[in-house]
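Asks: Got a structure for you, questions after.
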């Protein structure tokens with residue numbers, strides 16, 4: 001049936017809508033690339049009551065596209081500055097700015113209920129999910145958005161009418177097994193993550209800092225121990241033996257010694273990391289049965305005495321002039337040109353020395369920052385040297401910075417187009433024309449010369465863990481995984497729960513305000529315990545764990561499936577989270593299962609396995625790819641709703657025969673749209689696109 005677009009267009013000319021625009025209260029979440037354009041477009045459209053929330057401050061790299069900011073604003077709050085600038089050219093606008101985290105407790109359901117519209121321009125998945133849940137709880141319309149280069153999207157989410165932001169699982173950023181990073185890298189991203197998260201932290205970070213990689217290393221050590229104890233699994237035993245043969249790293253070695261110059265220290269680190277460690281790894285024959293071993297590098301071959309002296313001279317010049325970049329101090333000014341092995345060695349030595357001689361107060365507490373030139377120099381050179389050892393292609397400074405910082409390069413024009421589309425959907429909602437709202441995708445290579453691809457929003461998914469009544473399944477080794485790793489890896493990271501309350505039989509765990517001191521101590525004492533050893537019989541195979549977050553008005557049930565043989569490539573985080581209930585593996589039943597285990601197992605036998613929620617992110621920093629369409633795509637008045645690229649991967653719940661038959665007929669009439677989409681969750685300052693991976 002043709003879509004009538006005249007209703008909401010004619011409503012634009014009515015005084016009633018104009019009055020609604022002036023009086024409507026709008027919440028803008030994010031004041032970055034999209035947020036700046038959105039604030040400008042809102043006030044130019046007539047909106048006068050706006051609140052904006054953003055935690056970030058303005059950086060130099062923002063100025064080329066976030067047009068509300070100038071150089072003298074660098075270091076100031078994005079939200080406050082954007083509000084001041086907009087009020088400067090529209091004094092009648094009332095704009096309240098919050099320099100704050102959207103997840104703070106005072107931004108609760110009652111806060112959201114005070115708005116007529118919520119418009120999102122956020123740059124990370126966790127915050128988007130949090131806003132989505134609060135909009136559902138407050139029953140407020142949400143208009144989502146994102147951009148990546150020339151690509152963009154706007155989606156509308158209305159409770160009970162359209163799917164919510166989380167109706168279809170969003171893949172999380174790709175993680176890698178710690179043993180691959182330490183011993184057997186085979187891709188540039190492996191060496192960059194190793195340099196950024198392992199070597200950088202070892203040399204310059206806090207000695208007691210614990211990262212996700214440290215948790216993963218302990219988990220893998222436990223799995224290796226279990227594998228070694230299992231005589232029946234020869235392959236696992238061999239792998240565990242090989243891993244245990246790798247020499248343990250002595251953290252004290254990486255401390256600078258008394259009387260040792262900064263360059264002497266840097267040379268000692270080089271020889272340890274790229275010579276001695278590589279030689280030791282080559283001696284573990286089991287690791288190299290199916291791949292060539294790495295080749296050690298020797299500093300004296302890369303940097304003879306004359307070139308070492310040049311590095312020393314560059315250090316003196318950098319100190320005298322206060323230079324902040326090791327590569328530029330060595331005359332390497334082309335960020336797009338790859339360095340030679342000798343140049344990488346020189347940059348590494350100089351970067352380490354500059355940290356100790358020019359920024360020594362940071363040594364022991366530093367953290368990687370993509371906007372820190374010296375940190376990027378270090379990561380680029382360290383990762384390239386390791387790549388050379390393993391025969392992996394080296395990266396330029398520009399490419400390495402993008403990979404280490406998960407940077408999605410943004411374009412101001414894209415942000416402007418997307419902000420206009422956001423306001424269009426907001427006007428439709430205010431006009432009461434919810435049936436006219438559309439999800440719109442901006443294409444880099446327009447099919448049939450059409451820049452925009454438009455689709456009808458999907459109805460709510462009955463299997464959604466947020467707006468539906470879905471049950472998740474967690475495959476995890478309950479004998480080795482701890483409550484701490486469950487909370488950090490699954491509950492808070494994957495489910496984006498802010499203040500979790502966990503309940504299962506006689507087990508209770510709570511976080512948040514209002515807890516007594518003895519309660520906090522008791523819950524804290526549970527964190528290092530394994531899931532199977534928790535109070536109330538533990539979380540074992542078949543246990544049903546209820547997860548709630550009162551601040552988000554969110555709850556979900558998770559069925560625990562004890563699994564001992566998780567493949568580290570498929571489950572680098574140590575677990576697999578799935579969107580429905582798979583068949584229970586009978587061979588892992590425990591004699592001390594909780595009472596609900598039998599019922600859970602029976603349910604598992606009768607229900608089908610759904611698409612895994614942990615779909616892998618493509619290694620590229622994330623782009624939306626829309627292939628050319630052979631069919632004509634109408635922007636308005638389309639004869640049939642456009643099929644989204646993800647439509648064929650969605651499995652609908654069973655319906656009544658008549659409803660299902662009618663749904664099938666509608667699907668058959670849809671225009672075929674060939675498109676491939678990838679999900680992006682950037683940690684860059686800019687707005688990103690979030691679309692389900694097929």
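From the backbone N, Cα and C atoms, a Cβ is placed for every residue, glycine too.
What TrEMBL shows for this protein is this:
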type: ACT_SITE; residues: 179; note: active site, glycyl thioester intermediate
type: BINDING; residues: 30-35, 54, 62-65, 78, 123-128; note: ATP binding site
type: BINDING; residues: 164, 167, 464, 467; note: Zn(2+) binding site
type: COMPBIAS; residues: 225-243; note: compositional bias 'Low complexity'
type: DOMAIN; residues: 14-449; note: domain 'THIF-type NAD/FAD binding fold'
type: DOMAIN; residues: 360-401; note: domain 'Ubiquitin-activating enzyme SCCH'
type: DOMAIN; residues: 474-566; note: domain 'Ubiquitin/SUMO-activating enzyme ubiquitin-like'
type: REGION; residues: 212-243; note: region 'Disordered'
type: REGION; residues: 642-669; note: region 'Disordered'
Asks: In the same chain, who gets a Cβ under 8 Å from the domain 'Ubiquitin-activating enzyme SCCH' (360-401) while lying at least 6 residues past its ends?
Replies: 59-61, 185-188, 190-192, 194-197, 199-201, 203-207, 273-274, 278, 292, 294-297, 324-328, 332, 335-339, 341, 344-345, 347-348, 350-352, 354, 407, 684
Asks: What does the DSSP secondary structure composition of the domain 'Ubiquitin-activating enzyme SCCH' (360-401) look like, as residue counts for helix, strand and coil?
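Replies: For that range the per-state counts are 23 helix, 0 strand, 19 coil.
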Asks: For residue 467 (Zn(2+) binding site) and residue 123 (ATP binding site), determine the Cα separation and express it in whole Å.
Replies: 22
Asks: Just how many other Cβ atoms lie inside 10 Å of the Cβ on residue 64 (ATP binding site)?
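Replies: Excluding its own Cβ, the number within 10 Å is 11.
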Asks: Around the Zn(2+) site (164, 167, 464, 467), what further same-chain residues have their C-beta within 8 angstroms of the site's C-beta centre?
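Replies: Filtered neighbour residues, in order: 136, 163, 165, 166, 460, 461, 465, 466, 468.
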Asks: Let me check the 10 A CB neighbour count of residue 33 (ATP binding site). How many other CB atoms are there?
Replies: 31
Asks: May I ask for the distance between residue 30 (ATP binding site) and residue 164 (Zn(2+) binding site), taken between their Cα atoms and rounded to an integer number of Å?
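Replies: Just about 19 Å between their Cα atoms.
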Asks: Please report the number of other Cβ atoms within 10 Å of the Cβ of residue 123 (ATP binding site).
Replies: 26
Asks: Expressed to the nearest Å, what is the distance separating residue 123 (ATP binding site) and residue 164 (Zn(2+) binding site) at their Cα atoms?
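Replies: The Cα atom of residue 123 (ATP binding site) is 18 Å away from the Cα atom of residue 164 (Zn(2+) binding site).
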Asks: Given the recorded positions 164, 179, 464, which one's Cα is the least distant from that of residue 54 (ATP binding site)?
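Replies: Looking at Cα distances from residue 54 (ATP binding site), the smallest one goes to 164.
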Asks: Restricting to the recorded positions 164, 167, 179, 464, which ones have a CA within 10 Å of the CA of residue 33 (ATP binding site)?
Replies: none
Asks: Going along the chain, which residues six or more apart from residue 167 (Zn(2+) binding site) have their CB under 8 A from its CB?
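Replies: Result: 458, 460, 461, 464, 466, 467, 468.
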Asks: Please give me the CB contact count at 10 A for residue 30 (ATP binding site), counting all chains in the structure.
Replies: 30
Asks: Cα of residue 164 (Zn(2+) binding site) to Cα of residue 179 (active site, glycyl thioester intermediate): how many Å, rounded?
Replies: 38
Asks: In whole Å, note down how far the CA of residue 179 (active site, glycyl thioester intermediate) lies from the CA of residue 64 (ATP binding site).
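Replies: Roughly 40 Å, rounded to the nearest whole number.
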Asks: Where does the mean pLDDT land for the domain 'THIF-type NAD/FAD binding fold' (14-449)?
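Replies: Summing pLDDT over the domain 'THIF-type NAD/FAD binding fold' (14-449) and dividing by its length gives 88.
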